[in-house]
Amino acid sequence: SGFSDDNSKWLAPAKAKKIPSKGNHVELSSDGEAEEGNWEMEEDEDGSSEEMVDDYGASSSEEEELLPIEKAALKQKPDSEDDSEEEDEEEEEEEEAAETTAREKTGQKEEENSDLQLNLDIDEQFKLPTNEEIEKEDILFICDPPDLHVIHQRIKGNMEVLQDFVVKREEGRTRQEYLALLRRDMAAYYSYSDFLLTKLMDIFPLPELINFLEANEVPRPVTIRTNTLKTRRRDLAQALIDRGVNLDPLGKWSKTGLVIYDSSVPIGATPEYLAGHYMLQGASSLLPVMALAPQENERILDMCCAPGGKTSYIAQLMKNTGMILANDSNAERLRSVVGNLHRLGVTNAVVSNCDGRQFPKVCSCLLWGVLGGFDRVLLDAPCSGTGVISKDPAVKTNKDEKDILRCAHLQKELILSAIDSVNAASETGGYIVYCTCSIMVEENEWVVDYALKKRNVRLVATGLDFGKEGFTRFKDRRFHPSLKSTRRFYPHTHNMDGFFIAKFKKFSNAIPQAQKEAATLSAVPETVVEPPPKKKKLEGSKADKEQKLPQPTLKKKHSLQAQRRPLKA
């Protein structure tokens, strides 16, 4: 009848009906499964058979071949696709909303933080306490210990102001007031005397001073020196590692040093230590011997040798040749020197107990009559110990101006004695190394400058490629420009004890004329000056004649002289 709007049958899909075939037999499919029947198309009313078509124009035979589970999956797939699309859209919307809210929150936080920072800057701006507040704190310190946290925060604030004083200072306050408060706070926080802190503030800039004080609160690493007279560093390190010692080479500048991090055995009681394979010695104590650079078959004087670490290192570098005179004024300390020299196998050392200041006079026969003077002298002078505060914290409070000046005076006497003990005509030597474990200028540059003026010596390079240069000017003092060749070592910079090293070269055995008379008078205080021999002979003959003359003749002679005196006048 054709297709029209009234005929709606053409809109309905064709239906399929399972009809058994005429020969109801079983056939095998390509998959090897049995099929009991065949699908045949149901004829329409018109008798024409048409292929079944689904809503999307695909043949329904493909769907009919699927299993029920696969059909259910196909039905769920479009639903899941729709759901996933909706979920993706919802997630995107949520992310956008979260981003916008986060932006708003961050903006608000930044504004709040800036406001808070401004408030903190305004509220926490450092202000100097008044005199009344300081007096109250002093009274409280007597009763209760100080609050170290408050003092530490005040030190930080004070340092910030001093680093930008023009901008951050309080109106009407001077820099001296800030420095006085800083010195007072650091003395309370680090337990230093006011005198020593004043000295340290003159030496270091303020940021470096804090680092120096902090470094003194931490002990220096334990270091040992390999005794190459008995072993090699490689073998010693392996032996100690086998005993549970954690170690490393000390540095590129040392071929014998080892640094000990931790140990399961006492490092001073191992079989290797008792056998003399190594010496417990600080890293800074190796530097003076390296600067001295002793050569084989030389004559060396170690003027202040106790406890023997530097002496044994000199013997090690000399390979037990030549001669070392190990001297110290303290007889009790010489016991440790003798013990260490025996343990380490040193055979070229002679130990003496003598005052170093009198050394050239007491040993004049030994020096010039027998030996002809020393080739090199090492003077590790007694000092205040301000470079080894980590080992001896008592130095913080028990040193004053008198102690520093007393040490400086002793060091000046010792360095002149050391210079006089060296032979300037030595073919290989003529060198003096002066060192201290102090960082005070009065004990270092001041003493070296004094020696340059009093003796015929000059400063030479120490041979150490690290360390800070010595001062050529300090406050109102001006030193010789060659003091740049001296070296300073600090705990906060080089992780070793504070040390000072200077190396001299003696170019003449003569003492300058201005100091020669003073030296002779001090050496021989009761010297009687005799008159010239000719004058003594004439006076003796004249006195003899006067004694032989009779008494009247003498009176007459005196009367004649009395008469002649007015005429001469």
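Any Cβ shown, glycine's included, is placed from N, Cα and C.
Automatic prediction, not curation, is the source of TrEMBL annotations.
Annotation source TrEMBL lists active site, nucleophile at Cys437. In sequence order, Ser284, Cys383, Gly385, Gly387, Val388, Asp497, Gly498, Phe499 are the residues near Cys437 (active site, nucleophile), counting only same-chain partners six or more apart with C-beta under 8 A.
Look at TrEMBL and you will find Cys304, Cys305, Ala306, Pro307, Gly308, Gly309, Lys310, Asp328, Asp355, Asp380 tagged as S-adenosyl-L-methionine binding site. Here the Cβ of Ala306 (S-adenosyl-L-methionine binding site) has 22 other Cβ atoms within 10 Å, regardless of which shown protein chain they belong to.
Annotation comment: TrEMBL describes 30-54 (among others) as compositional bias 'Acidic residues'.
Per TrEMBL, compositional bias 'Acidic residues' is recorded for 80-98 (among others).
Per TrEMBL, compositional bias 'Basic and acidic residues' is recorded for 101-111 (among others).
Taken from TrEMBL, the feature compositional bias 'Basic and acidic residues' applies to 538-548 (among others).
Per TrEMBL, compositional bias 'Basic residues' is recorded for 554-569.
Annotated domain 'SAM-dependent MTase RsmB/NOP-type' per TrEMBL: 212-507, in sequence order.
Look at TrEMBL and you will find 1-118 (among others) tagged as region 'Disordered'.
Per TrEMBL, region 'Disordered' is recorded for 521-569 (among others).
Largest Cα to Cα distance within the recorded S-adenosyl-L-methionine binders Cys304, Cys305, Ala306, Pro307, Gly308, Gly309, Lys310, Asp328, Asp355, Asp380: about 20 Å as a whole number. With respect to Cβ neighbours within 10 Å, the binding-site residues Cys304, Gly308, Lys310 differ, and Cys304 shows the lowest count.
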